[in-house]
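Enquirer: Supplied in structure tokens, the structure appears directly below.
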């Protein structure tokens, strides 16, 4: 059997795999990357990138509908062509694909656009050929789930949403996580009559309660329609091709599309992982230690497949850190999973770093936690009747009031949060924020003027 040798094999051409492959090659490693679908993985092709483009489109729609007239722009007629937005979105993604290829060429990363499968712990096969390396990274990502109910196949998942050529007139989005909230917000803003169904009393239960309640209030005032304690029982396809979503409480809703956003699972089957002896955890993710090592020496896993923190920048950082450790003589380099900032592209957006108020009190006790908050109307929305709320919070710990949580909802929060994450990563205190001169008039000044 003819086997071609490499220093590093990467299975999966998503964000984490690409980042790790490029960094390893920069340090002189002979690298081979396998990808059976489009390079870029979920984020670029079916996740954060097309989602953000759609969110921007929704922002334009909201501006035209709610704010243009308040700023003196009187538009006699507006129309929306969903296909134009989709075509321009896909063209943008194609340009990202091209940039990836240039990066691979520049760094000397070899790639084979086929599915690879393990033969043993250090050998993989693709299209009848064999390849081996002392270091193999599994970065195969995850996939969206369908519920186990009758008629679930009549619905779609987020992947299918990005394949739509037309905007559904009536849409049910089922799920309580950020994907569900974001898709529901986009659909509603672009003109679909959208309803969001969640199992408990509110969506986004892992995020700060007060911040999420503000979003729920916005939904109640302007949509999409939120249904709580709503558990699907079945989906019925009607003669006119519409769908009926039936809930366990007996309620039913007629819509044109159902989007399942109920969770994701790791891609661990179909590529011979069982031949390696790599262990899984009780949720079906590949078990890894703090250095992304699996239970088998020389095999590593990161990104959505290890389930630590399913965010694209986390996978990118983890991939680069792994390659620094393996190929740049930095044996102690590893990903720091604490205090990672995140944004939910809802309407308005939510930004979050660190402990929520509830989690901080649960872990440290109410007597050691102090919370600062600010409520205001962003200037952009304050001129007329379409005012949006904005709320910001600091969660501090101990006498020195170290900031362990920073959260906000409102106009522009998505672009504010990154800089504050640096401060929190450096151990900033409330006094440090107090000693910072505000930029006025901005929304971000609220974080440094709270009392």
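Numbers run from 1 along the shown chain.
Keep in mind that glycine also has a Cβ here, set from the backbone N, Cα and C atoms.
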Enquirer: Going by TrEMBL, 175, 176, 177, 178, 179, 180, 181, 182 bind NAD(+); tell me which of 103, 250, 263 is listed for that site too.
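Expert: Among 103, 250, 263, only 263 appears alongside 175, 176, 177, 178, 179, 180, 181, 182 as NAD(+)-binding in TrEMBL.
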Enquirer: These are the binding-site residues: 175, 177, 263. Which one scores highest on other Cβ atoms within 10 Å?
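Expert: Top count of Cβ atoms within 10 Å goes to 175.
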Enquirer: Identify which of the binding-site residues 179, 181 has its Cβ surrounded by the largest number of other Cβ atoms within 10 Å, counting every protein chain shown.
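Expert: Of the binding-site residues 179, 181, the highest Cβ count within 10 Å belongs to 181.
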Enquirer: Using only the Cα atoms of 175, 176, 177, 178, 179, 180, 181, 182, 263, which the record gives as binding NAD(+), return the largest interatomic distance in Å, rounded to a whole number.
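Expert: Roughly 14 Å, rounded to the nearest whole number.
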Enquirer: For NAD(+), what surrounds 175, 176, 177, 178, 179, 180, 181, 182, 263 with a Cβ no more than 8 Å from their Cβ centroid?
Expert: 183, 203, 204, 261
Enquirer: Can you break down the domain 'Pyridine nucleotide-disulphide oxidoreductase dimerisation' (340-450) into helix, strand and coil residue counts using DSSP?
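Expert: Counts, helix then strand then coil: 37 helix, 33 strand, 41 coil.
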Enquirer: In whole Å, how far is residue 52 (FAD binding site) from residue 179 (NAD(+) binding site) when you measure between their Cα atoms?
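Expert: For residue 179 (NAD(+) binding site) versus residue 52 (FAD binding site), the Cα atoms are 11 Å apart.
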Enquirer: Might you list, by sequence position, any residue in that chain lying six or more from residue 52 (FAD binding site) with a Cβ less than 8 Å away from its Cβ?
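Expert: Listed in sequence order: 345.
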Enquirer: Look up residue 177 (NAD(+) binding site) in the DSSP assignment and reduce it to helix, strand or coil.
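Expert: Going by the DSSP assignment, residue 177 (NAD(+) binding site) belongs to neither helix nor strand, so it counts as coil.
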